[in-house]
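Enquirer: Got a structure for you, written out below as structure tokens; questions coming shortly.
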Amino acid sequence: MTADSTEIPQLALPLSQSPAAGKRARRILCGVDEAGRGPLAGPVTAAAVVLNPRKPIQGLADSKVLTAKKREALYDEIVEKALAWHVAEATVEEIDRINILHATMLAMQRAVQGVAAQGVLPDLVQVDGNRCPQVAFAVEAIVKGDALVPAISAASILAKVTRDRQLAALHIAFPQYGFDVHAGYGTPQHLAAIERHGVTPHHRRSFAPVRRALDGAPPPAGDAVPQTDAKTAWAD
């Protein structure tokens, strides 16, 4: 699949059924994670990282438990020391066209393809969560992998820092929405800004609060975003 493809990606076979499983000793591990599944605006971002065992990185952890300052410092160290890394995304248009789950898988596919394009071919791709994208390598899902597997922790940091930077840039273009504060998540501040200023081209029209705003419907009682549409601002 090319970087511009919007073909709906298939979920991977479980590791035991993957044709690549068991063919080689697993020495090159590639961690994969995403940021931005839940927000009402902006792309969904994914990163793939192959760490260099000869250049250990101290302090790797789930990006959600790190301060922004610590994430930025680790980002610089990861891109300097990793054997290979790549950050990719699926656009708002792709999210609306194929849904957020498939768009997330697409971004992950692109991230792994970016690592492979550097000549680093993983023996095993380890993905945070309970679903895997279909890639040309053995792959396994690890629930809470961003807290358990260093390469996934590194990927979570690259994905989150990249997406936070994108939303900070979006704030400069649309300061009235407060993207620098909520990163596109459905906070009361963001919902109020949508009601007051309308929807930007960067909002996900397939998400219910945005769709309601476009239809002119009032927000539901309590003015809260349903959990099916968004997670908290610290969830990625």
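Numbers run from 1 along the shown chain.
Including glycine, each Cβ sits where the backbone N, Cα and C put it.
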Enquirer: Which of these, ASP96, ASP123, ASP128, does Swiss-Prot say binds divalent metal cation at the same site as ASP33, GLU34?
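Expert: Divalent metal cation site check in Swiss-Prot: besides ASP33, GLU34, the record includes ASP128 out of ASP96, ASP123, ASP128.
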Enquirer: Of the ranges 37-61, 212-236, which one does Swiss-Prot list as region 'Disordered'?
Expert: 212-236
Enquirer: Can you tell which of ASP33, ASP128 has the least company, meaning the fewest other C-beta atoms within 10 angstroms of its C-beta, among these binding-site residues?
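Expert: Least crowded of the binding-site residues ASP33, ASP128, by Cβ count within 10 Å, is ASP128.
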Enquirer: Relative to the mean position of the Cβ atoms of ASP33, GLU34, ASP128, the recorded divalent metal cation site, which additional same-chain residues have Cβ within 8 Å?
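Expert: What remains near the Cβ centre is VAL32, ALA35, ALA46, ALA47, MET108, VAL127, GLY129, GLY145, ASP146, ILE152, ALA155, SER156, ALA159.
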Enquirer: When a 10 Å sphere is centred on the Cβ of GLU34 (divalent metal cation binding site), how many other Cβ atoms does it contain?
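Expert: Total other Cβ atoms inside 10 Å, all chains included: 29.
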Enquirer: If you run the three-state DSSP split on GLU34 (divalent metal cation binding site), which class comes out?
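Expert: Its secondary structure by DSSP: strand.
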